[in-house]
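Record features (TrEMBL):
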| type | residues | note |
| --- | --- | --- |
| DOMAIN | 157-213 | domain 'Aprataxin C2HE/C2H2/C2HC zinc finger' |
| REGION | 750-770 | region 'Disordered' |
| TRANSMEM | 270-289 | transmembrane segment |
| TRANSMEM | 301-319 | transmembrane segment |
| TRANSMEM | 339-360 | transmembrane segment |
| TRANSMEM | 367-387 | transmembrane segment |
| TRANSMEM | 407-425 | transmembrane segment |
| TRANSMEM | 437-459 | transmembrane segment |
| TRANSMEM | 516-537 | transmembrane segment |
| TRANSMEM | 557-579 | transmembrane segment |
| TRANSMEM | 614-634 | transmembrane segment |
| TRANSMEM | 640-661 | transmembrane segment |
| TRANSMEM | 673-693 | transmembrane segment |
| TRANSMEM | 699-716 | transmembrane segment |
Amino acid sequence: MSWSEALRAYALVKNPSVDIPKNVYISSTERFIVIKDGYPKSTFHYLILPRIPFSAHVSTSEVTLGAEELNSLRSTLQLDKEIVLDLLDGMEDVVRDLEASIQTDMRRTKGHEWDILAGFHAVPSMKHLHLHVFSKDLCSDMLKNKKHYWSFHPEGGFFLNLETVRGWVEGKQDKEVMALPASKYEPILKQPLRSFWTGEEFKTIPKLKAHLENLQQLEFEPSDPPGRALHRRSNSTLNAFSFDPGFLPLSLSASTEESNLERGTNQRHLGFFSGVALVVGLQVGSGIFSSPGVIVHRVDSAGASLVVWVVAGLLAWTGASSFAEIGSAIPVNGGAQAYLAYAYGPMMSYLYSWTALSLLKPGSAAIIALIFGEYICRLLFHVSVVNTSSSTTKATSQEDVPDIPEWAVKAAAIGALALVTIVNISNAKAGSNVQIVLTAIKICTLLFVLLLGFLVLLSPSSESHLTVSTFFMGTSTNMGDWAIAIYSSLWGYDGWDQLNFVAGEMVDPARDLPRVIHSSMALVIGLFTAANVSYLVTLSKEVVASSNTVALDFGLATLGPAGATVFSVLVAISTIGALNGSSFTSARLVQEAAREKFLPGFFGSSHPTRNTPVNALLFQSGLTALFVLFGGGFRTLVNLFSVAQWLFYFLTVLGLIILRYTEPHLERPYRTYITTPLLFCTVALFLLLMPIVAAPKEAIGAFCFISLGFPIYLLTQPSTNHPGVSRTDALVERLRGFWRPKHRGVQPVRSIREEREEQTGMLELSGGPR
């Protein structure tokens, strides 16, 4: 099923309250279904769909309409006048009920009312007739370009208000339909952006939106004539991109301040420098303190390891540019999950959701927990040995240090996991209050490494281990080893796929987004390369290659036992913060998955008094613990995680290339060179093929995890050919009862405020904190 047929699929379902995703469904009657618009351009935005088949009441009889008659407004207007008027009358009845609910929600959440507009899109891109009902504010993160704005402008644009359409029907004596050619509306895009409140013109969308957001905050009294004039009732239309396939919120903007949540919008506050700082903070994580050893071990030379860091950084750079383009063209929360659904359909999106739930989120959390365990155990075992021997020599060898028992590392990792789980169970906000401090600690730790490495390089009494004669000596020629090394480096850069979400917070994204991407990626590559130079100047290649705790060894070599202690504590604190963030967001992903019937409904509940997702936290913690205990250790888990993650990165960017040719007219506020996604896909394909030889167990394991999603999709998701009907027989349908919460009757319109409160605190989940 293509995305353009999604509304028709919803209209065909027999039991909307069960078969339409919970985050999409609002209410239904015998003849109509109300759903949320997947790309809302206002604070409140809904769609009214006539059901298929539709019973039109004509005189004393009924006429049944099918999918073809209801394909679009054009096809519907060709029907008999009495049939069309009955359809419009029914829609107006639903609008009145929906309007009352929205206004009640407005008064409760904002203290005043806005007009509710209703209308049709003049040039629809979605099959099946649908009426848009939305609040007259146009304040939404989804409104990102001129086409979006003119799609909703109440006084002019790509819309046909409900009253106008009724006038056409009532004024016609035959079946002639007013022409709706797309060419009629193309000149509108050349008009300046004009406020529908004041008529003032604006040069950019961000400036127009700031104007609209300021107006939205005004509270007009009923006795205020100008205010009431502005709130004059009218009926309007909607946008060309109104599809929500029921995504899990795998990727949501993390910058929703509490005041902004109250208004239903995010303030655009990021300029160039603040954008760069945010992007750098997303990428600097535990990887730079744990991955260098794996890389040196694989490529077997200092020079080659630096090449790997640069190559991986450039690959992440091309990926960030590609994601920025597809994110601007498909302006919806969900990250890779949403882009995969748009390019390939719901199955691919589901597979990504399944993989994120079963492997990517718990796997990355297990890696972080094991890094914590390595550093804590090395601190206790290594530094205690050095102190006991009263060594005053700055050690660079581990020969006299006993091997750390594997059980000790895993026990420490499980302990850290238990700690953050208890914290998140006990208090809904405790887990998020310390993230800024912990982010600052990890960045300061990296800068400390750079400073000490620079001092060692300049010190005449220190002998550098990084020499020209041995720079590339012994470099591996095995391409599989290089692929695994690049994977390990990419773990350090993980977070680059979040960069397109920064655009929603920028004051002028068209100008600043390319500058932020290119500047921040260049800066991160420089920082990571410089940190590795510091490690390799101070430590021998052999020490780096054998260590998963290179920062501890670096501290021991530069500052002695005190330095090892300081770096161990700093990295441990950083990893605890990352693990806490991962636990916080993963639990909410599990909870939402249960609500959307991906998992048993038991995991979707919250604690009655603490309002914390206890069951979801225990589920994701248990799954993470299994990866810690049986995942094969840090290096194996990085390979397993990376193969699965990069398969979907490859498919996402490949989807960008496909859309360049299948939808050339799709508006792209940010457009990268075509060579960028082509280069990304070429290297990503190499990375996917090489581990089959170099790390076959991890590669097979990753593909097995992904493949398990196919039968689960077939068992738990409705058929696209017959929506609402199981793909399997009655026995399987009975089994599905365990997976689906029961719904009874028609559900009332859910409070938009309640929906926002459910998602408050969700961080970027595609990659997550490290």
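One is the number of the first residue shown, and numbering goes on along the chain from there.
Even glycines carry a Cβ here, placed using N, Cα and C.
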Where else in the chain does the transmembrane segment (673-693) make close Cβ contacts, counting only residues six or more beyond its ends and a cut-off under 8 Å?
315, 318-319, 321-322, 325, 479-480, 482-484, 486-487, 639, 642-643, 646-647, 649-650, 653-654, 656-657, 660, 699
Can you work out which residues elsewhere in the same chain, 6+ from the ends of the transmembrane segment (640-661), have a Cβ less than 8 Å from its Cβ atoms?
319, 322-323, 325-326, 329, 336, 339-340, 342-344, 348, 352, 355, 359-360, 363-364, 367, 487-488, 490-491, 497, 631-632, 674, 677-678, 680-681, 684-685, 687-688, 691, 695, 698-699, 701-703, 705-706
Which residues of the chain, 6 or more past the ends of the transmembrane segment (437-459), have a CB below 8 A from one of its CBs?
280-281, 284-286, 288-289, 527, 530-531, 533-535, 537-538, 551, 554, 558-559, 567, 570-571, 573-574, 576-578, 580
Determine which recorded stretch among 270-289, 301-319, 339-360, 614-634 has the most C-beta pairs below 8 angstroms with the transmembrane segment (699-716).
339-360
